[in-house]
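According to Swiss-Prot, the transmembrane segment annotation covers 17-37, 53-73, 86-106, 107-127, 165-185, 201-221, 230-250, 273-293, 299-319, 357-377, 403-423, 435-455 (among others), on the basis of sequence analysis.
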Amino acid sequence: MEKPSRETFEGNNKLLIGIVLSVITFWLFAQSLVNVVPILEDSFNTDIGTVNIAVSITALFSGMFVVGAGGLADKYGRIKLTNIGIILNILGSLLIIISNIPLLLIIGRLIQGLSAACIMPATLSIIKSYYIGKDRQRALSYWSIGSWGGSGVCSFFGGAVATLLGWRWIFILSIIISLIALFLIKGTPETKSKSISLNKFDIKGLVLLVIMLLSLNILITKGSELGVTSLLFITILAIAIVSFSLFIVLEKRATNPLIDFKLFKNKAYTGATASNFLLNGVAGTLIVANTFVQRGLGYSSLQAGSLSITYLVMVLIMIRVGEKLLQTFGCKKPMLIGTAVLIVGECLISLTFLPEILYVICCIIGYLFFGLGLGIYATPSTDTAIANAPLEKVGVAAGIYKMASALGGAFGVALSGAVYAIVSNMTNIDTGAMIALWLNAGMGILSFVIILLLVPKQNDTQL
């Protein structure tokens with residue numbers, strides 16, 4: 001049977017399932033470690049600092065390299081980059097489970113970050129290339145279920161698997177899912193940009209981006225420990241500022257930049273990407289609220305995770321509803337409604353001064369609104385970003401969009417954790433949690449304002 005060409009191939013359910021399975025290798029499986037930190041400490045006989053590095057480094061490296069991977073997908077092939085990403089996940093998972101050596105755990109998690117960097121922009125580009133109109137919006141809904149839904153389920157999933165089967169089974173299952181994804185994607189004709197010449201890769205831009213983001217991450221996670229007046233803190237801050245400035249200058253002059261700032265001339269794309277960064281940042285809600293109910297109320301990790309079940313159920317249900325709202329009202333209204341509902345949920349979860357029973361009720365309702373809001377927002381936002389990118393730059397555009405997701409989550413968790421720790425030490429746990437959750441609500445409010453100002457009422461999508 002003759003293999004279909006790029007011109008004749010139409011995206012089908014087989015390919016879509018393969019794409020979704022590849023996406024959840026990061027958002028569901030790799031992110032599940034957030035709920036098994038104490039178990040990893042015992043298994044690897046190491047301290048919590050080392051484990052926290054291993055947990056956070058995946059999202060950080062994904063965010064740092066996702067834009068570059070998007071450019072590579074445009075140039076060398078989106079199917080090829082997706083397959084490379086899946087294989088990297090298998091390799092990273094194997095390194096994590098084969099020994100009790102902390103260094104291999106960190107290296108494995110780093111490789112999983114590179115895997116996610118390859119998979120996310122490449123799969124979005126495949127959807128852009130092979131699905132049209134309502135089929136694309138449906139495909140993006142399922143992609144969003146894999147990403148937003150996976151992130152909602154990961155904490156509960158990780159705890160359940162670790163309790164019932166052992167934590168290594170998280171990555172054994174991830175390897176199995178990866179192999180199935182490779183099989184389902186096999187046979188799909190390659191898609192790449194026809195107009196981009198194979199210029200030299202922007203290594204200088206990538207190096208500066210990595211230096212800048214690593215510096216910022218150190219400042220956020222270790223700033224209070226270092227002291228803001230210490231020479232080391234000031235030095236790292238200077239490195240972050242200088243590398244950021246050099247990066248902007250270099251990228252504007254480069255003929256083949258890592259980040260094409262021309263994409264941000266489109267207000268709809270800018271609004272979707274910036275709001276996506278901020279709403280991924282509210283992932284800090286989970287770590288703050290879970291830590292508070294365990295330390296402040298004496299709940300177990302399973303009990304803490306159970307409070308957020310309404311979140312994961314609602315985000316999975318509402319993603320398809322968000323797709324229908326997109327088709328009916330365009331992108332702006334669902335994005336605004338989703339963000340507003342999320343802010344209400346944040347405010348309810350932040351009421352840590354209430355008596356235990358009332359707070360638990362507020363938490364359950366708050367998580368319900370939290371998931372409802374994210375579910376409504378997800379598909380319209382993703383569709384806005386992808387539809388407003390020119391076809392020859394869709395890989396880079398998708399890469400920037402997903403960089404916003406990964407870095408928003410990484411820095412949101414880091415900031416929330418830092419604020420919680422600092423304020424708790426100065427006052428008490430209740431106040432520390434409340435202020436940290438207000439920070440997350442503030443990010444939601446800022447996201448709402450950005451959508452209101454930048455995303456047009458009737459989006460001129462390039463379908």
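From the backbone N, Cα and C atoms, a Cβ is placed for every residue, glycine too.
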Determine which residues of the chain contact the transmembrane segment (230-250) at the Cβ level, with the cut-off under 8 Å and only residues 6 or more beyond its ends counted.
204-205, 208-209, 211-212, 215-216, 218-219, 223, 257
Is the transmembrane segment (273-293) close to the transmembrane segment (357-377), in the sense of at least 3 CB pairs under 8 angstroms with a sequence gap of 6 or more?
yes
Would you say the transmembrane segment (299-319) and the transmembrane segment (273-293) are in contact under the rule of three or more C-beta pairs closer than 8 Å, pairs 6 or more apart in sequence?
yes
Report, as numbers and ranges, which residues of the same chain sit near the transmembrane segment (299-319): CB under 8 Å and 6 or more residues beyond its ends.
35, 141, 144-145, 148-149, 152-153, 155-156, 159, 163, 286, 289-290, 293, 360, 363-365, 367-368, 370-372, 374-376, 378-379
